[in-house]
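Asks: So that we are looking at the same thing, I have put the structure below in structure tokens.
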Amino acid sequence: MYGRYTQDLGTFAKDEAARLRVQQDRGEGDAPRLRLPSELLEYTQGRCGPCRVCALQCQRFFISKVGEDWVFLILLGLVMALVSWAMDFAIATCLQAQKWMYGGLDTNVLLQYLAWVTYPTVLITFSAGFTQILAPQAVGSGIPEMKTILRGVVLKEYLTLKTFVAKVIGLTCALGSGMPLGKEGPFVHIASMCAALLSRFLSLFGGNYEGGDCARQRGPTWVSLPPLCPSPLVPGVLFSIEVTSTFFAVRNYWRGFFAATFSAFIFRVLAVWNKDEETITALFKTRFRLDFPFDLQELPAFAVIGIASGFGGALFVYLNRKIVQFMRRQKTINRFLMKKRLLFPALVTLIISTLTFPPGFGQFMAGQLTQKDTLVTLFDNQTWTKQGLNDEFEYLGILEAWRRPRSNVFITLVVFILMKFWMSALATTIPVPCGAFMPVFVIGAAFGRLVGESMAAWFPDGIHTDSNIYRIVPGGYAVVGAAALSGAVTHTVSTAVIVFELTGQISHILPVMIAVILANAVAQSLQPSLYDSIIRIKKLPYLPELGWGHHEKYNVRVEDIMVRDIHYITLNCKYRDLQHVLQATKMKNLPLVESAESMILLGSIERAQVGSLLGQQLNPERRLQALQQKTMALDRHRLSDASICFQV
């Protein structure tokens, strides 16, 4: 019932037999003798035998009391915390190296451009080549494959050590290049592979961790580590469950939250130890006012953000799918790229890096900012269009990237949204380990900031309520836009909780929930989620949920769509019947039934396998051997007839 045995059946049978023998001895009136379990008898030899037996019994008692799940989840959280911290440290080092190279060549614009373009191109090319050579299964997000695996389909090489290494190194290089890519989906895949490998390792010491049914039950626990590691703890668990599982056992909730809590705690302790942060706090901490964060008259603006984000999310999924289909349908381009696998990622990186070059076109879209710096500035609670920059603002340097003397903040935000939109849709098609959540999250924050700045310009003195004046907070609009657009692309509502834990404030809980629900309603009626779209592109064996307007198809039965006039093979069919079936149909799989009268399905066999078996049974060597055996039998029969005649 609970998917796990505490003891092997053979061991249990031996212990039960020993117990019955002890009871039988007691029934006969003899003094009961202490009998150890059969697997402990080998430890009783020698002087230290009793000590070894005692130590082993104490170990078993400890495991039985603490529980194997606790040990498994603690190790899982510890390993994932170490992996994520090491990856974040390497990514931050790579991004800092790019800034150092760019800043050190400020005397020559041409050298700055070469450094700005060459650095990410080399990293992306290395990531694509390393992943393609070591484990091509590590390409992409990994969530579509995890959804398929948790539906019971076995995908080979997706949860192996080789794929784990390729995913970690490839993702680190891809994110270190500064391209508009995310790490949330790949972190879900990495956590799943880590749990699968850890379960195989623990199975060497006892416990049922490798069984298929056990793996499916533990699957949601595997992916329950926080994908936006390290900050969103609770929403990370909810998001992982929401994007991967159709059915989730409630008894696994505590496993997910326990592993996520332990992992996040270790990660933040490492960050404080490395002096990256002074204490454990929110990743993008905001300073919105708490007494009156928004007015009810602003709710229509938040609703507009949600509806527009729904259309934007559907457009992003559509654009991403069309780019992939265009590359596959153009046979000439597809054939060329299959031969030159590293050319496409290098070319895409070159184009995006050229457009984001800060002295060039990048000055109109804050090209020098990383994704983290971009979110920090977009969540700022000051109004850019009304007030000047406050000297006390901590991030004054990176905030200046949004203000240019030749353009205002509205033009910069519009150009940023439009350029990042198609760049992110194109970049996520690169054959490297990457996700799309963070780029979409940043685009949504920019769109919300644009609406917030527009509201601040339309109402410069704020909204009047009961003789009180409350100014517009554009940062709150950015939070709402980020949650709405990311929820529309992934078809999830847990993004609302993600922004609360990222910012450390829940002052905008009502606008965020309204926007996320409206965005999901619009997006689900137009397009599938990004992960379901990738499943369709890859043609994975997965049945997606029916969209709006198709609920009547739930009443369609199998007999309404099945093919009835089908050729089949029986157990007692002859060669002529089998040859007739192969000539009459082109089906790849042939059904095998017991007989033509009962029509009981026994299974299926592949057409290629049938042809191979026939070739093995009817090849010239077998025919010659059969003729020789037949000739020898006839000769023996003739000799026996001759001897009979002679005797007569």
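For all residues, glycine too, the Cβ spot is worked out from N, Cα and C.
What TrEMBL says about a protein is an automatic prediction, not a curated fact.
Straight out of TrEMBL:
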- 70-93: transmembrane segment (TRANSMEM)
- 113-139: transmembrane segment (TRANSMEM)
- 187-209: transmembrane segment (TRANSMEM)
- 253-273: transmembrane segment (TRANSMEM)
- 299-321: transmembrane segment (TRANSMEM)
- 342-361: transmembrane segment (TRANSMEM)
- 437-459: transmembrane segment (TRANSMEM)
- 479-502: transmembrane segment (TRANSMEM)
- 509-526: transmembrane segment (TRANSMEM)
Asks: What same-chain residues lie close to the transmembrane segment (113-139): Cβ under 8 Å, and 6 or more beyond its ends?
Replies: 94, 97-98, 101-102, 105, 145, 155, 157-158, 160, 162-163, 165-167, 169-171, 173-174, 176-179, 189, 341-342, 345-346, 348-350, 353-354, 357-360, 430-433
Asks: Tell me whether the transmembrane segment (479-502) sits in contact with the transmembrane segment (509-526), defined here as at least 3 Cβ pairs under 8 Å among residues 6 or more apart in sequence.
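Replies: Answer yes: the transmembrane segment (479-502) meets the transmembrane segment (509-526) with 3 or more Cβ pairs below 8 Å.
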Asks: The transmembrane segment (299-321): which same-chain residues, six or more beyond its ends, come within Cβ distance under 8 Å?
Replies: 421-422, 424-425, 428-429, 436, 440, 443-444, 447-448, 451, 455, 477, 480-481, 484-485, 487-489, 510-511, 514-523, 526-530, 533, 536-537
Asks: Near the transmembrane segment (509-526), which same-chain residues lie under 8 Å Cβ to Cβ, leaving out any that are not at least 6 residues past its ends?
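Replies: Non-local partners: 294, 298-299, 302-303, 305-307, 309-311, 313-314, 317, 476, 479-481, 483-485, 487-489, 491-493, 495-496, 499-500, 547-549.
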